[in-house]
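Colleague: Sharing the feature lines straight out of TrEMBL:
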type: BINDING; residues: Gly87, Trp88, Ala89, Gly90, Thr91, Gly92, Lys93, Asn94; note: ATP binding site
type: DOMAIN; residues: 257-312; note: domain 'Torsin-1A C-terminal'
Amino acid sequence: ALEPLSVGLAIGVASALTGYLSHPRFYCNYVECCPSAGQRLNATALKAQLDTKLFGQHLAKDVVLKAVMGFSNNPSPKKPLTLSLHGWAGTGKNFLSQILAEHVHRAGLRSKFVHLFLATLHFPHHDQIKLYKEQLQNWIRGNVSACPHSVFIFDEMDKMHPGLIDAIKPFLDYYEQVDGVSYRKAIFIFLSNAGGDLINKAALDFWTSGKGREEIQLKDLEPTLSVGVFNNKNSGLWHSSLIDRNLIDYFVPFLPLEHKHVKMCVRAEMIARGYAVDEKIVQAVADEMTFFPKEQKIYSDKGCKTVQAKLDIHEDT
């Protein structure tokens, strides 16, 4: 028979071990956990990554960094942070949202607390809008209930059916709770090509007038961008209550990329592949890109979107 002291000691050790293994600090080293209420983003690390990986977007970097850090440092925000990123393909919208997701949740887009919606994949049929609205509300409600710091990214907004995104309006508004759930710590990001023409025209006007690219400020673009998107039937935000009720915190413009920015993308991709940077190859890849306007050829019409594919051709070199 076991001595009472031995049995007691065994039970004590087992209890202590169970308590240690179930402690959040230990448990969350092996299983992804929702960030705690007091957890803050690392502003220095986020800024450094944006500076070294996102090229030619001084406006987007500045606006998003300030917006996200202000939101993160606010212990009691009045509403979720809602950002709408606009610009032509290849200018960095997806890249920035990916970087931001990784700083909120270490696993980034692989995190169970980061949710990516693609209009053409998740909402493909026009006659199913009522069903999509119900599904969207249920998805968001369920995920925010599981983690208040959830991140929702809506890509291809310009391909989304008009009115669909208004289904999430109650979650973005200034409510303390909706059906017992608070959405105030969540982040919503919309990605759209809509408004890209307006942004490109403004950038070209600055260039034509002899002003530097870095002189462009948010106030020069945001009012025109928000109105343009609101009146664009192919924006996904056409006559949206999200704009009408001022629930989108920032309309973030992504400027068209110049020749020098494309070359920066090529160098970054070469380094990511473990290659030594060869300026001849950098120049060759950049020269294969197409630029507009036709006469001046200032801006890449695909941004950096095809850099990876074009670099593949030069891999043997």
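Note that the numbers count up from 1, one per residue, in the order the chain is shown.
Glycine is treated like the rest: Cβ placed from N, Cα and C.
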Colleague: Taking 8 Å from the centroid of the Cβ atoms of Gly87, Trp88, Ala89, Gly90, Thr91, Gly92, Lys93, Asn94 as the cut-off, which other residues in that chain fall inside it around the ATP site?
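Modeller: Sorted by sequence, the hits are Phe95, Asn193, Phe254, Gly303, Lys305.
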Colleague: Tally the residues of the domain 'Torsin-1A C-terminal' (257-312) by DSSP class, grouping H, G and I as helix, E and B as strand, and everything else as coil.
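Modeller: Helix, strand and coil residues of the domain 'Torsin-1A C-terminal' (257-312) number 29 helix, 5 strand, 22 coil.
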Colleague: By a simple count, how many Cβ atoms lie within 10 Å of the Cβ of Gly87 (ATP binding site), its own Cβ left out?
Modeller: 28
